[in-house]
Structure formats: C-alpha cells, structure tokens
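Asker: Take this structure, written in structure tokens, and hold onto it; I'll ask about it next.
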Amino acid sequence: MAAPTSVNVMLAIHEKKTGSTVDLYRALRQYIVYHYSEREAQNLEDDLEAVRDMRASIEKPAESLDARRDLLQKYYRALCLMESRFPISPDKDHVNTITFVWCDAFKQNKKASLLNIHLEKAAVLFNLGAIYSQIALSADRTSPNGLKQACNSFQLAAGAFAFLRDHEAGKVAVTGQGTADISSECAAMLERLMLAQAQECFFEKVIGDGKPPGLCSKVARQVGLFYEEAHAALSVPPLNQHFDRTWISHVQLKAAQFFSEASYRYGLELHSKDEIAEEIARLKCGISTLADAKKTAKGVAVPLLEAVSRLEANLARNLERAQKENDRVYLMRVPAANSLHPLPTASLVKSASLNEILDASKEKMFLTLVPDGSAKALSRYTEMVDEIIRTQAEKLQQGSEITRVRLKEMDLPDSILALEGNFTLPMDLKEDVEAVQIVGGPAGLEAELQQLRDLRRVNQELLVQTEELLQKEAREDAQFRSQFGTRWTRPQSSTLTKNLQDRLNRFAGNLKQATDSDARIERAVKEHSALMSILDRRPIESALPNLARPIMSLDGNEDAIVGTLKQSLRQLEALGAQRAGLEDMLKEMKRKDDILPKLMTTTGSYEDLFKKEVAKYDGICEEIAKNIDAQEQLLLQIQAQNDHFSAVFNLEDYRASREKCYKQIAAAIAKFREIKDNINEGLKFYVTLQDAITTVKQQCSDFVMTRNIQCREMIEDVQRQIAGLSFADGKSGSYNYPGVGHSRAASTDPQAPPPHPTTRPQTPYYQASDQQPTGFSQPHPSYGSSLPQPPYHVPPTAGGHYQQPSPPAGPEYGQPAYPGWQGPYYNSHAPQPASHPRPPYTISGPYPPPQQGGYYKHQ
C-alpha cells in the first residue's frame, strides 16, 4: 500500500511476479515446423523473436510506468494471437513444453504453475490494472490536470480488473490451481476499489471548485458506496483470510469517512433550508458511523486518521450549533435515524472499456497461420451474412416492384404529366414512331413512289430500244431479200430472234403487272394518307389528347388536389432513393466485414461471436422494414388521393381518348410498314429487271452487229455474181447460212481450188451457244440461255399485285414480279425494312442524275 502526501490517502496495487523464465521461441517454432513447414517457420521468424523479447521484458523490472503499460498491452494482444494458433496443453500434439509460473501479488509465497496460456493472460491483465493504479497514484492531484489524469487512470485500472474478471479469471479457476489475486472475487473487489478512488478524485474536484453542498454530498455518498462494496467483498471468503488486516481497515474507514462526509455536506444544505431537525439527525448519524469505524481500524495511515478527526470536529461543531438553534428557535422534533431516507448519490465514474485497447484483430503477427477451425467458422459466418443480404435485397426489390405496379395501375405519374402538358408515349410505341420518322415517314413515301415511276419508265424505254434494234434489223433484211430475191440466201431474222423476242414479250408482261401493282400502291398511299399523317407530327406527343381542367368547379380546389398528390409522389420517390441507399449500405458493410482476425483471437464460443457480429446488420434491417411499412402506408394514401383526382378531372374519358390515339398511331405504323415493304419490293424488282433487260439488249446489239457484217459481205458476193466476177466453183455458187445454233459447213471437195485472193473469209452471222462472237472482247450469254435469278425470290401471295406469269418450258428468263399487296388490315406489326438504295440507272436519255431528297426532275 502506498500513500501520497495528499490529504486523501489512496491505494495502488503491486504487480505480480513471474516465478520462472519461459522460452516461447523454441516451443512455438517447433510446433510450426511440425504442423506446417520449415519454410513457414522461417517466414515467421520475426514474429517468434518479437514474442520472445516481449516475454523477456515482462520478467524484468519496469523502466517506466508508461513503457510498462504499453508492453503489457502489446504482450496481451500477442497472447490472444498465440492462443488461436498454438494450443498450449499437456497433449502430445500441442505445445507441451511451456509452463507458466506466477506468484500471488498479495502473498508472495503462494504460486501457480500451469501449462495453460490463460494463467499467463490473467497475470498480464492483473499487472496491467496494477500499473494503471500506480500511474493514477503518481499523478499530482493538487493540479487540475493531475487530478484528471488520476481519475482517468483509476477508471482504466477498474476496466482492466473487470476485463480480467469477465474473460480470464473463470478459465483459470477451472484448473483449480490459480491464486486468489486473479480470482473473479478479487478482480471484482479491485474494480470497486478503483472506482471508489476515481469517484474520490471527483469529490476532490467539486470541493476545490466550491460546488454547492448538495452536489458535494451526492458525490461523497457514491464514493462511500463504492468503498462499502469493496469492504463487503473483503469481509467474506475467499478474500477475508487472504488480505492483510490493514487493507480491510483502510477500506472500512474510507467507507465510513465518505458516508459521514456526505451527511456533513447534506446537513449544510438542510441548514440553508431551515430543516434543522433533519440536519441534527444526519450529523448524529455521521458522528456515530465514524466512531464505530475508528474502533475497529488498525494500522491505517496517519493522514487518513487526521482527515477523519477533522471531519469529526466539523460534524460536532455543526451539530452543537444546530441543536442550540432548534432549542431556542425552531423547537422541532428530531427524527430517528432509521426513519431517514437514504442519502442521494451521483455516480460520475465507470470502468473504462479495454476492448479496443486489447483487440488483437488488427495485429499482423502470425497472420499466415490459419487453423482449419477458424477457416470453417469464417465460411459459416459468411453464409449467415449472405443470407441476411439476400433476404433484405429481396425485400427492397419487392418494394420497388410493388411501387411500379401500383403506380402503373393508377396511371401515375403519367396523368399528372399530361395535365402539365408533358405527354408521353409507351416506350415501345415511341420507338416504332421514331423508326418511321427516321426513314422519312409518310411524307417521304412520295419520293419513293417517284423512284418506282422512274425505274418503271427506264425499264420500259430499255425494252422499247431493244425491240427497235430487232425490228430495224428485220426491216433491213426484208428489204435486201426483196431486192436480191433468191440470191439472198441468208436465213430470215424472225427465225433467228424468236427466243429473244419471246423473252422481250415476257419482260413486257412483267412490266404490265408491275405497273398495275404500282397503281395499287399509289391508291393505298392516297387512301391511307389521312391515317398515316399522324406519324409526321413532330413531336409525336403533340398528337395526343389533352387532359384539361374541369370546365366548372364547385369549390376551386383543383390545384390543392394536384399539389397534394404530387407531394405524396415526391415522398414515394424519396423512399425509393432511400431503399437504393440502404442496399448500397448493406453491400458496403458486407465488403468491409472481415471477422477472420476476431475468429483467430476469440477465446469463447464462435456462436457468441457470430451473434455479436451479425447484430451489426440489425440497424439496417430495421431501417428496411420501416421503409417498406412507410411505403405501404403512403401507397394507400396516394390511392385515395388519386381516386379524388380522377373524379375531379374525369380521367376515364381522357384515358379512353388516349387509348384511341395509341391505337390510331399503331394502325398508322402498321399501314406505313406494309406500304413501305411493297415499295421496297417494287424497287428491288425494277432494279433486277433492268439488269436482265440490259443483258438482253446487249445480246441483241451483238446480233445486229454480226448481221450487219454478214450483210455487207453478202452484198459484195451477190454483186460479184451479178457482174460475172465470181471465180467460185459452179457447184458452190452461193454461201450456206446455217440456222440458229449451227456452224457453217466446211467444203466437202478436197480438190477444190483455193478461194480468190480477194475473197474474205465469211463471218458467221450467229454464234453457237458454246462459242464467243468474233471481234468482241467480252463474252455474252447465248441468246437462248436462261438468265440468272434475281437477288430475291419471294413466292407470290394470294391477291398480290406483282404476280409471276407462268413461265414457258425451257431454261429461259423467268423473272418474277415483286411480291404483292399484303391485305387491307393494319393491326399487325411487321419488321421495318431498310431503305432500298437508289437504283443504278444506266440508260442514257432524258433522265438526269438524281437530285436531293430522292426526287427525279426532268429538264
């Protein structure tokens, strides 16, 4: 026991002494090598040396109180890390070569020797509380800062002894070999003693600050109560025979002193209120209590006895004064002591929590050693947290979905937006309208119809030009045949061009059918222009009906109705934003929730730790439940407000007209797509037909050119025959002209003389299908061969405008007309075709290049 020079004498606790040196390094390293690996032991070499050095420092005397405090805290955290990784017990698979020996702090001849880490931890905690008490006692309580330091250190000492009682004392007691100083009873007694001295520091402060007697009495009474609790623990087994008598006397006299001090201060307050009778009774109780305590007090410090004597004198003086005043003035009846109510108290101190100071979860020592039990426990905890997150996330999502469905059923907020002129289309319908407008809309159909007309005209002109080529050649052939008679032995043109002419006739038939289809398309555009005109409205929302205010109003509260509904919708939106924030908080909490360090340092049940850790999520779960309940109440409120709003603004009629407009827009889109599809098929048809006619035209040009060359040669031969200048053999006086598809016959007379030098070799007027015409660099398909199929081939639909005529037998051009009309209805939605590229017009003539906008102008 130590006593400072201060008037109020206080106690400090001496540290426990270790009874032997312990080599933690060797034992722990051997365990790591055996259960893990030599490499792991090498990696943890620094941690093993640190533990060895801390244990060695514990065995030495303290250099300073602060350094000793820090060492004890650090070593205790290291012991927590060791406990979860190194089982220390006599078991052969455990660390069984370490024995901890500690002496009793109050009876040095008593020792405890255990192969158990809990004895080591309990001793360290006891010494930590002792060091805090020594720091408190060394503070200069005559200064405000010193008094504050002493008070805080006593509370920390109380916290250390409370931590010892709650976490380690019971585990040592189970072995039956611990000393009394680290028992639960002793730890509890020391906690109350430290709290009594911390409260006593507050009493010194309120006295020094001159606080009112009533407050000083409350603080003093609580000091006395703490001392009384400590004395009660010292007066019963196992402590009544363990502590020196001076300890018990000191605590007993302190309890009596502060009861009397509280009675004295309370009497001052009673005197100021003229409650003289109770003042006399309180003062008598204080004097009596001090007298009884002094009789049994033995070996207490002299300063304490002096303080008690001064207090006795003050009590006696005030009692004498009060009795005189009562006898002369008040004449009140003094109440009996047992009739007095307990003195009021004011507790200003508590045991400081050392959970954070002694938390080993942030330490990095032995971090790589993770036992299987801790890993499994972490997995189980993670599953628990995941279940919480999943359940709460489902509640949040369900709440958002309920809000969306309920608002859609009430047509909110669309009806409010419609009232303010902010019309909206359903998203799918709006996207369809935008797609129509991007390709030009109904207004752009005229340009595409003009493309059809231009393409049709180009094909017709190509066809006419091709037919004129053949007709001109046939007239010339007939003219020469009439002129030369039988000398003109060349086959007639009509026999050679029959296949070409048939194909041109079929082209003409296809063009006629296409013209009829074009006419039907143009009629459809005109007939449905009024329906489709709605698609040209920009923005399309301008075509929607307006939600107007009622023409007549009885009370004129429409604005209030709308304002209330809008306010409720804003509150609902705020709840939705709160749900999103709560979900983010849950995910962030889970991301930061790493309890592995705590699992590695826990010495109790994993289930207790799980229960404590999972409780972190209770707050957010409660907030989610409150949010869902608040939303449900708000939706009921919005439902009632919306019913009123609907009745006032006649929403039923507005919704009916709006739905009608939606259907009109959908019908216009369907009809536009139908017409657009037919126009695109027509454009593809004309482009393909133009390529086919161009090919046939080229074949006709080749045919005419060949016939012209043959014509000139035959004219020369006939003229030489007439003039008698022919030197040819009489048996072969004329050329033989083979029919279509045959080559000229060679001379059958091997003795015939060679032709005259001036005679040119005859050029066949018609090439067979497997030969290339002489004098042309590009091969041309034979006149009777079939043309390649166009790049599309859609089977004709029933009632279609572009019907394919029945093709004749044989491999020849069978270009189908483009598919026809798809029916008069427009409710179905066909996929939007891409715009057809501008056709490659190749014919020369009165058609200039296309202008902007797809229109074709003629000069």
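Backbone N, Cα and C atoms are what each Cβ position is placed from, and that goes for glycine too.
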Asker: Quick check on the annotations: TrEMBL lists coiled coil for one of 89-116, 509-536, 565-592, 593-620. Which range is it?
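Answerer: Comparing 89-116, 509-536, 565-592, 593-620 with TrEMBL, coiled coil matches 565-592.
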Asker: Identify the coiled coil range according to TrEMBL, selecting from 165-192, 445-472, 697-724.
Answerer: 445-472
Asker: Quick test of the contact rule: Cβ under 8 Å, at least six residues beyond the ends. What residues does that give for the coiled coil (565-592)?
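Answerer: Hits for the coiled coil (565-592): 385-386, 388-389, 392-393, 396, 399-400, 403, 407, 412-413, 416, 616-617, 620, 623-624, 627, 630-631, 634-635, 637-638, 641-642, 645.
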Asker: If I take every residue in the coiled coil (565-592) and average their pLDDT values, what number comes out?
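Answerer: Value for the coiled coil (565-592), mean pLDDT as a whole number: 87.
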